[in-house]
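A.B. asks: Below you will find the structure I want to go over with you.
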Amino acid sequence: MNVSFKTGFLLMGFSDERNLQILHAVLFLITYLLAIMGNLLIIIIITLDQRLHSPMYYFLKHLSLLDLCFISVTVPQSIANSLTDNGFISLGQCMLQVFFFIALASSEVAILTVMSYDRYVAICQPLQYETIMDPHACKCAVIAVWMAGGLSGLLHTGVNFSIPLCGKRIIHQFFCDIPQMLKLACSYEFINEIAVAAFTTFTAFVCLIAIVFSYTQIFSTVMRIPSADSRTKVFSTCLPHLFVVVFFLSAAGFEFLRPPSDSLSAMDLIFSIFYTVIPPTLNPLIYSLRNEAMKAALKKVLSKEEFSRRMVYVKAIFNL
């Protein structure tokens, strides 16, 4: 493939074999469509059902929006590269991909931390819940989440793309991955990116400590609840969130904290899928399967009566 890399990079992807490229594109396309439909469905259900207009579901809606955007940063580009057998990505596209990837990943960690605090207040301080988690506080928390992610994205993008590169601009990943890009940097030229990455890692660690503290207090309180039904209801809302946190942070932590290697193994690619593709796809399933309110709202939205009522409402709007 005769491509000039002076204005871009070559993403190696998963394989050079055409059949495997097509298989990868099909699997990624199916996964992407499932993630889009699942997260859109959660956003629509929470928006339409008045019973779900509470802080917990407000934050869940923003998590679904983040997941929808997060998987759209890397997967469509990878599908297109596999189908066209062309892994070239321009410098501008790579910069945008790095910015949105870091910004959305950072925002996801932040929103998961906020969601754990929301559950902590709801279970451990129920009498103060409406005062602490009032609509204004929830909006401010979400704005802070998006702004923190944007700041993190700007820092990483600005520092990473100011580093002089030595050697071929070949990235052994299916997206512009910062650890892989640092391998292209000239010796000792990426100390600023390491400093930014260390700050981001420290911030993520603080979020993890806050989440662990919240759930330690939650489980301690839950175990003192005499009613088995009440304990089951609490676990049904908390355990899915805890699973998402552990899965996302452990996969991302393994990828970014492990020592760099000169070659990319199949295990590296699998772990990159674990934190880029799997969480946005599984989150809608995880949050809806064990949540009775979500299942009831889904049945209501999909019912014939509700659909007919919405259609009458839409027709009335267009007839105005």
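Placement of Cβ uses the backbone N, Cα and C atoms for every residue, glycine included.
Remember, it's a predicted structure, so these values are computed and weren't measured experimentally.
In case it helps, TrEMBL gives these features for our protein:
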type: DOMAIN; residues: 38-287; note: domain 'G-protein coupled receptors family 1 profile'
type: TRANSMEM; residues: 20-46; note: transmembrane segment
type: TRANSMEM; residues: 58-75; note: transmembrane segment
type: TRANSMEM; residues: 95-115; note: transmembrane segment
type: TRANSMEM; residues: 136-155; note: transmembrane segment
type: TRANSMEM; residues: 190-213; note: transmembrane segment
type: TRANSMEM; residues: 234-257; note: transmembrane segment
type: TRANSMEM; residues: 269-289; note: transmembrane segment
A.B. asks: Can you tell me which parts of the same chain pack against the transmembrane segment (20-46), counting only residues 6+ beyond its ends and a CB-CB cutoff under 8 A?
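C.D. replies: For the transmembrane segment (20-46), the nonlocal Cβ contacts are 13-14, 52-53, 57-58, 60-61, 64-65, 67-68, 71-72, 75-76, 78-79, 82-83, 85, 277, 280-281, 283-285, 287-288, 294, 297-298, 301.
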A.B. asks: In the predicted model, what is the mean pLDDT computed over the domain 'G-protein coupled receptors family 1 profile' (38-287)?
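C.D. replies: Averaging the confidence scores along the domain 'G-protein coupled receptors family 1 profile' (38-287) gives 84.
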